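J.: Checked Swiss-Prot, it gives:
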BINDING   135-190  ATP binding site
BINDING   Asp258, Glu271  Mg(2+) 1 binding site
BINDING   Glu271, Asn273  Mg(2+) 2 binding site
DOMAIN    105-304  domain 'ATP-grasp'
Amino acid sequence: MKSLKQQKIAVLLGGTASEREVSLNSGAAVLDALRSQGYDAHPVDPKDMPVADLKQQGFERVFNILHGRGGEDGVIQGVLEQIGLPYTGCGVMTSALTMDKMRTKMLWKGFGLPIADMEIVTKNTALSLEPQAIVARLGLPLMVKPSREGSSVGLTKVDSADKLKSAVDLALKFDDIVLIEEWLSGDELTVPVLGDEVLPAVQIVPEGEFYDYNAKYISDNTRYICPMPMSDERWDELKNLVKRAYEAVGCRGWSRIDVMTDSEGNFRLIEVNTTPGMTSHSLFPKSAATVGYSFEKLVEKILELSV
């Protein structure tokens, strides 16, 4: 068996999803980190070269840093399984499932794990939407989001029943399934998992009302506190919850799980990122750094976990 450093490694980056730019940035950082440690790593953009040809081109392993649809939704993973190349991150089923926020949440709910109360709307049911009834059940404000778009695209905070319809219509432009969720007014945090190690939680403090695309990728005024201050008991509770959430959907390798707290301080699971960002702004490397992983060593560890 060749050692990892003797293998030709493809770093999959770019792609065609709305998060292409983020993936190009993450990919460049990962590529540098691998090359600086003596790996034979090469950038491959599926936009320019079919992933199905990787084996013919002599590649032996894949570091997947594609974000969003086409890269994080099981499609690429299926191609890699088909041609028999080991790759980083989650497998086909988990990647497909976690791309769909609604189905992920239903699964967690089935396992008895805490999620936000929500109403599910489809293109068909949107026609008979009853804003007053939804507000009566879930209260105000509400969060409206497409089920399958990443990077906070298509999100709206709704403050009154009469604005619900237009928020749903906006979200339906990005997906056929839309979630209307109770507003969680507590803290926003994200917890990375590396192999079977839960890394310190990062608290996200956006300057606006919630963590949108601007706060994620552009603004320098979003504050990140890592590790997030909490008691040991509270951290144990969060760590166990994240581990159960990770295992319930079948994650492997690495993932990042977003969590919020409600007005009473109870944790609620939000979503899973199976290919977290790896840019200078990204939260996974920020968290890993607090327990001694340099960016280079983190990238190497993710590669070592590839199957």
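Cβ coordinates come from backbone N, Cα and C, glycine included.
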J.: If I take the Cα of Ile177 (ATP binding site) as reference, which of the binding-site residues Asp258, Glu271, Asn273 has the closest Cα?
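T.: In terms of Cα distance, Ile177 (ATP binding site) lies closest to Glu271.
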J.: Looking at the binding-site residues listed here (Val135, Leu142, Thr156, Lys163, Asn273), whose Cα lies nearest to that of Asp258 (Mg(2+) 1 binding site)?
T.: Asn273
J.: Would you mind checking how many other C-beta atoms are within 10 angstroms of the C-beta on Leu142 (ATP binding site)?
T.: 25
J.: How big is the gap, in Å, between the Cα of Lys163 (ATP binding site) and that of Glu271 (Mg(2+) 1 binding site), rounded to a whole number?
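T.: Glu271 (Mg(2+) 1 binding site) has its Cα 25 Å from the Cα of Lys163 (ATP binding site).
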J.: Distance check, please: Cα of Leu142 (ATP binding site) against Cα of Asn273 (Mg(2+) 2 binding site), rounded to an integer number of angstrom.
T.: 23
J.: Under DSSP, is Thr156 (ATP binding site) part of a helix or a strand, or is it coil?
T.: strand
J.: Measure from the Cβ of Thr156 (ATP binding site) and count the other Cβ atoms within 10 Å, all protein chains considered.
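T.: Within a 10 Å radius of the Cβ of Thr156 (ATP binding site) lie 21 other Cβ atoms.
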J.: Given Thr156 (ATP binding site) and Glu271 (Mg(2+) 1 binding site), what distance in Å do their CA atoms have, once rounded to a whole number?
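T.: Taking the Cα atoms only, Thr156 (ATP binding site) lies 17 Å from Glu271 (Mg(2+) 1 binding site).
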J.: What three-state class does DSSP give Leu184 (ATP binding site)?
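T.: For Leu184 (ATP binding site) - judged by DSSP and reduced to three states - the answer is coil.
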J.: Quick one: mean pLDDT on the domain 'ATP-grasp' (105-304)?
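T.: Averaged over the domain 'ATP-grasp' (105-304), the predicted model reaches a pLDDT of 94.
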J.: Hey, of the binding-site residues listed (Asp258, Glu271), which one tops the CB count within 10 A?
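T.: Compared across Asp258, Glu271, the most Cβ atoms within 10 Å surround Glu271.
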